[in-house]
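The structure under discussion appears below in the form of C-alpha cells.
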Amino acid sequence: MQCNLSAGGGLCLRKQNLKLLSLSGNRVLRCNVVAKPKSRNNLVTRLDGQESSSLFLLCSRHKSRFQANATTGQPEAFDPKSKLNSFRDSLDAFYRFSRPHTVIGTVLSILSVSFLAVEKVSDISPLLFTGILEAVVAALMMNIYIVGLNQLSDVEIDKVNKPYLPLASGEYSVKIGIAIVASFFIMSFWLGWIVGSWPLFWALFVSFILGTAYSINLPLLRWKRFALVAAMCILAVRAIIVQIAFYLHIQTHVFGRPVMFTRPLIFATAFMSFFSVVIALFKDIPDIEGDKIFGIRSFSVTLGQKRVFWTCVSLLQMAYAVAILVGATSPFIWSKFISVVGHVILATTLWTRAKSVDLSSKTEITSCYMFIWKLFYAEYLLLPFLK
C-alpha cells in the first residue's frame, strides 16, 4: 500500500512503516515517515513565513485524536477531557433547545395547581406525588415538542432574534431537530395514554393542537402571524388548560373525587389569564427586528415597543390589585397575610424594575422579559396559600 502526501510526492508511506504502539494503555498508530530532508518540497512554511522540516500527519479517522510529528515519529495522545467537554456541550445545546424558562414554568404550575386539590393532610401521600410526577413528565415532553417545533419553523427568524438557539446557530441540523421533536411528541402521548387519566390526555391533546397551529407553516395555520390569535393560544394553554386540566387530573384521577371548581381554582384561572396575555405580548417586544423582516404582525410591530411594554406592566398591576383584594377576603388569617403581603411585594418590585428599563436596549428588554417569568414563578408559589 502506497500513498503520496503533497503534490511533489515528497512524503511516502508503505505498509511496513505502520506500527501499533501502546502509550499509557491506549493503542495508537505510529507512522514511520520516509522523507527527503534536502528537498525544498518537504519544507513546510509556517504562518510566520519561516520554513520548517517538521511535517504532521493525522493517523486516525478523527483529526483530534492523534497527531504524529514526522521528525520525531512520536504521537500526541488524545486529551480525555475532550469527551467530557463534548458531552457538556451536548447538554448545553439541549438545555437551550428546551427553552428552560418554559420548562420551569410548566413544572411549577402543575405542582401549584395540584396542591389546590389537597383538602386534608392525609391527601399528601405517595399517591399524590405519583400523580404529579405523571403529569409533570408528560407535560414536559409536550412542552419540548411545542418549543422545538416553533424553533424548526423559525430558523431564519431566530438567526436575527435568537442566534444562540441550537438550530439558528447550526449546532443542530434540521434533521436532529425533527428527530427530537418527533420523539418527545410520541413519548408524551404514550405516557398520557398509559396513565389512563382523561384530563391529562386532553390537556396534552389540546396543547398539541394549539402548539402546532401556532408555529407550523401550513395553509390557515401559523397563527403566530396574527397577534390576537397568538395571544389567545398562549392564554388557552397557560391559563385555562394548565389550571383546569391538571387540577382535574389530581381531583378525579388521583383522588377519585367528583368535579368541583373551588374558589382558589377560579382565582388561579382568572389571574393566570392576565399573566398569560402579558407573556404573549411581552415576548415579542425584544423580537421586533426579526418580526418586521419576516412579516410577523405582532402587537410590538403594529403598536410600538413602548406602548406594549407599559400595557403589560399595567395589566400585571391590575392583576396584583385584584389578588390583594381576594386575599384580604380570605377567612383564614395566615392566608390573608401571605396573599396580601406577597402580592404587594411583587407589584412593588415590578413597578421599580419597569421604571429602570431602557426600551432602546434589546438586552435590557430581554432581561425584563425573563424577570416577568420570575414573577410568573412567584405567583405559582403563592397560589396554594390562597384559601
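Any Cβ shown, glycine's included, is placed from N, Cα and C.
Keep in mind that TrEMBL annotations are predicted by a computer and have not been checked by a curator.
Not measured: the values here are computed from a predicted model.
Here's what TrEMBL has on this protein:
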TRANSMEM  101-118  transmembrane segment
TRANSMEM  124-152  transmembrane segment
TRANSMEM  172-194  transmembrane segment
TRANSMEM  200-220  transmembrane segment
TRANSMEM  227-248  transmembrane segment
TRANSMEM  260-282  transmembrane segment
TRANSMEM  308-327  transmembrane segment
Answer with yes or no whether the transmembrane segment (260-282) touches the transmembrane segment (101-118) by the criterion of at least three Cβ pairs under 8 A, sequence separation 6 or more. yes
Can you work out which residues elsewhere in the same chain, 6+ from the ends of the transmembrane segment (260-282), have a Cβ less than 8 Å from its Cβ atoms? 109, 112-113, 116, 230-231, 233-235, 237-240, 242-244, 247, 251, 299-300, 308-309, 311-312, 315-316, 318-319, 322-323, 326, 368-369, 372-373, 375-376, 379, 383-384, 386-387
Quick test of the contact rule: Cβ under 8 Å, at least six residues beyond the ends. What residues does that give for the transmembrane segment (172-194)? 93-94, 97, 134, 137-139, 141-142, 144-145, 148-149, 151-152, 155, 166, 200-201, 204-205, 208
I need to check the long-range neighbours of the transmembrane segment (200-220): which residues 6 or more away from its ends have a CB within less than 8 Å of a CB in the stretch? 134-135, 138-139, 142, 145-146, 149-150, 152-154, 185, 188-189, 192-193, 230, 233-234, 236-237, 241-242, 245-246, 249, 253
